[in-house]
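See structure below.
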Amino acid sequence: MSSGYTDLCRHSGVPRQIVAASLSRMTQPLLTLPLLVGVQERYHDHGLAAVTVGLYTAGFAAMMPITGRLVDRHGGRAILRIWLILALIALLGTSAALTLAVPTPVLLSGVTILGMCLPPVGAVTRAGWPLLIPPAQLRTAYALDTVINEAATITGPLLAALTLSILPAPLALLTVFLPITVGSLGLPAAVLDSARRANRRPAREPQSRRVILTYGITFCASLGAGSLVATAGLLAAEAEEPSIAGVLLAAAAIGAVTAGTIAGRHHLHQDALTSRLVGFAMAITAAFIVLVLVLGLSALGQSRGGAANIVTLAALYLVLGTLTGPRDALLQLSIVLVARPAQRSTSFSWLGTCGLLGFGFGSAVSGLVGNTLGHHLLPAAIASGVALALSGSMPRTNASRPQPPLPL
């Protein structure tokens, strides 16, 4: 581990924060696979299984800004404890619904409620970093946070598959309560007890505008991520080779983890944050355009027996992962630098909601556009261009103030 991360871990509470974040980020992948398998086993309907996961995610996304606001007003400890109780009840109810194969409307209502009852650990964790470390180390912290997120997308499904090999789906669903509980209650006291009443003056317009633009960039970025995941699955289905999807997504995750880890070792000033976001947006847009062209040429060559070279596609997925990992950390840093301290959890909750909505929309529209126009990643390329425009519109930080260097 580099000296930047070593120095970060020396601060009181940071090791607990890292462990709690690592466990809580497992929630989504650990829930998704048992839900899919359980619905498929009980109802024998692939479409219903997909709708079930979609409604559970929608419930979580819709509730995040509300729970974030409650955390800002009353502190993380009280709200997380209440939502842990609600999550346990909802998990037990959903497990019973799968076991009994209840009518479809009841099942769909139950999984929506389950999503709404998940504790807002992610927002609390991200909002808590400034309470544990000095400003100069925030970039390292959010780079590490992004790496934890990407690692969870790899290890979570593997753990879920292992659990399903031992337990039936309804019982495997209940095991997710352990990481949720440890991740929620294992946070440092400084983070759990940081009740902040929203009674300050409104933020200045440039700050509010920057936060809103960051939400828009996050939505576009997540749309691209959803399109990448959907396209990997579609390519695997077309080639009748499921391993292709795993190779492509693993390449993107490896790129994001590696680049995100390295990014925390470099430094720049706050007033360079916007230019760095613009640079990443330009590179990501170019990479998506190249990927669209490669897939288009592959489609033209299929009539002659040709196919997209898996090595080329994996290399492009790796490049995109390398670019998106550090970019995602910068988006979190952009929020924490300008969001009002009394509303940090709310701001990060909205960031998460925009991310989930963008990912779901990207997955859906990628399939629709692909079936209509034959270019699955065309929406992602367009969204990356919109993200570039939004990044260029982002106001600069006030250069007249002395600003500490941030690791980047």
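Note that Cβ sites are derived from N, Cα and C of the backbone, with glycine treated the same way.
Listed in TrEMBL:
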TRANSMEM  47-66  transmembrane segment
TRANSMEM  78-100  transmembrane segment
TRANSMEM  106-129  transmembrane segment
TRANSMEM  172-192  transmembrane segment
TRANSMEM  212-237  transmembrane segment
TRANSMEM  243-265  transmembrane segment
TRANSMEM  277-300  transmembrane segment
TRANSMEM  306-326  transmembrane segment
TRANSMEM  347-370  transmembrane segment
- Query: In terms of Cβ proximity under 8 Å, which residues at least six beyond the ends of the transmembrane segment (106-129) contact it?
  - Reply: 17, 20-21, 24-25, 27, 31, 35, 39, 43, 51-53, 55-64, 67-68, 71, 76, 79-80, 83-84, 86-87, 89-91, 93-94, 97-98, 138, 141-142, 145, 180, 183-184, 187-188, 190-192, 194, 332, 335-336, 344-349, 351-352
- Message: Cβ pairs under 8 Å only, please: of the recorded stretches 47-66, 172-192, 212-237, 243-265, 306-326, which one is richest in them relative to the transmembrane segment (78-100)?
- Response: 172-192
- Query: By Cβ distance under 8 Å, which residues at least 6 away from the ends of the transmembrane segment (347-370) in the same chain are close to it?
  - Reply: 54, 57-58, 60-62, 64-69, 120, 122-123, 126-127, 211, 214-216, 218-227, 229-231, 234, 331-332, 335, 339-340, 376-380, 383
- the transmembrane segment (277-300): which same-chain residues, six or more beyond its ends, come within Cβ distance under 8 Å? 217, 221, 224, 231, 306-308, 312-313, 316, 319-320, 323-324, 326-327, 330-331, 334, 374-378, 380-381, 384-385, 387-388, 391-392, 394
- Note on the structure: Between the transmembrane segment (212-237) and the stretches 47-66, 172-192, 243-265, 306-326, the largest tally of CB pairs under 8 Å belongs to 243-265
